[in-house]
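According to TrEMBL, the compositional bias 'Basic and acidic residues' annotation covers 242-251. Marked as domain 'CRAL-TRIO' by TrEMBL: 62-216. TrEMBL lists 302-420 with the feature domain 'MSP'. Here TrEMBL flags 229-251 as region 'Disordered'. Summarising the annotation, TrEMBL assigns transmembrane segment to 467-492.
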Amino acid sequence: YFLDKSDKYDSRDVERLQQDDKWVENYLIWRHDVVDDTLKMIDESFQWRKEYTVNDLSESVLPKWLFEIGALFLHGYDKEGYKLFWFKVKHHTRDPKQQLDKKKLVAFWLEHYSKRDHGKPLTVVFDMAETGISHIDLDFVRFIVNCFTDYYPNFLTKIVIFEMPWIMNAAFKIVKGWLGPDAISMLKFTNKSDVQEYISGEYLPPHMGGTDSFKYSYPPLVDDDFQTPLCENGPITSEDEHESKEEIDADTKEAGDLNEAQNLNQKKMNSIEQISKSEETDKTEVKPKNAKKALTTFKGPLLHISPAEELYFGSKETGEKKCLIVLTNVTKNVVAFKVRTTAPEKYRVKPSNSSCEPGTSLDIIVSLHGGFAASLQDRFLIMAAEMDQSSGAGEPELTQFWKEVPRTKVMEHRLRCHVIESSKPSSLTLKDNAFNIPAKTNEDLHIQLTHLLQINRRLEEQMNRCLWFQQLSVVLSLLSVTVAAFCFYLAYAQRS
């Protein structure tokens, strides 16, 4: 494909394909590990990405009115913790002159989110309340469907269709034909009485039976988890004020022990260049006794962050209330960082605003306040930026630094929460002072899924063979009956 069509691809996509294993894996998963089908999808999606200049799409190159009407935006999460991609159909009208810009807006949002959150899947919500014939645009709907089926692999969890008018039933029968069997199972037709099976009321507007007071407006882009006022640390509650000195000292001692262990490991590294070359950067420095594999590490340009994607907390019953985030500075300068959360009333982060010296690691303790439980919707944002050698690292200097640093120079990484019901959750807890991992890793689940898909394909092949033999048997039976009847007819005719 590359030799024949290299001029039809964006070189940045080719480079990413060679470096990003997760991207390749998503293509394979979406095409059931059939290599030829996967190559065909990559070829088609790469040509589409260049045609639509996806890598260069930004707010500045798209008409401002597209963002202002609020037909497409990201906001909230479904019950499984997946981001919601809203399509307010009543704000869309057919206009061939505007169609290309509207399609580019869809590509902008999908690319914007996939790069920001590393390709985590989306749930699409078609809000069809107050819509009619004038809003039906099958070409545009087909484009959105194609984005998920052909261009963004393994990026769709479900399509929630709210209050589809009866007049559009015929149109959506056509849409089902475009989706294919895998995607058809993702269609969820809902109304006010059952939409909360998929999306909780806190992320549904009042007209859908929810309590979300969110009102779309532009600017800014409505795609951030952190839209509400934040404090960078949880508020001090009465329970925290009465926390005993022994508990505080214990926290400090445990955090100190972890820092000592990491400093010992750090001495084994001769330079920051060895960190970047070492294969161990994909794993945490502290290994559990019986773990199959260490937690993965997000390798950013300024900081390596462990864990890479999720903080594991226990439920109210298990009582596990603390997790550890390990930051490693991979630059030759001091890196300032801040930690923000979507639920500041629930979490305390220590430290939440500090700096990390070149080539060193630093531990951040995230703890739940008493009486609260972690939720799949809770998110943490780690912001980092390089500081000049001459800058101080005290609190006043950091405050001034964050006021002046350009947004383009700030590295951002997001972590989500995961609740473990078992008595031994997969997290680095201060009680056990060790990293534990889930019983089943993503690789294990992927292997099982691949195995199930292979079994499913074999069963389908066997069923198709059985159907073929059944049809052949029917045809042969009919021929036999016809021949027998003809023979009887000839015999009867001869006797006559």
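Each Cβ is built from the backbone N, Cα and C atoms, and glycine gets one as well.
Through the fold, the transmembrane segment (467-492) approaches none of its own chain's residues that are at least 6 residues removed from its boundaries at a Cβ separation under 8 Å. The DSSP breakdown of the domain 'MSP' (302-420), given as helix, strand and coil counts, is 13 helix, 58 strand, 48 coil.
Across the domain 'CRAL-TRIO' (62-216), the prediction's mean pLDDT works out to 84.
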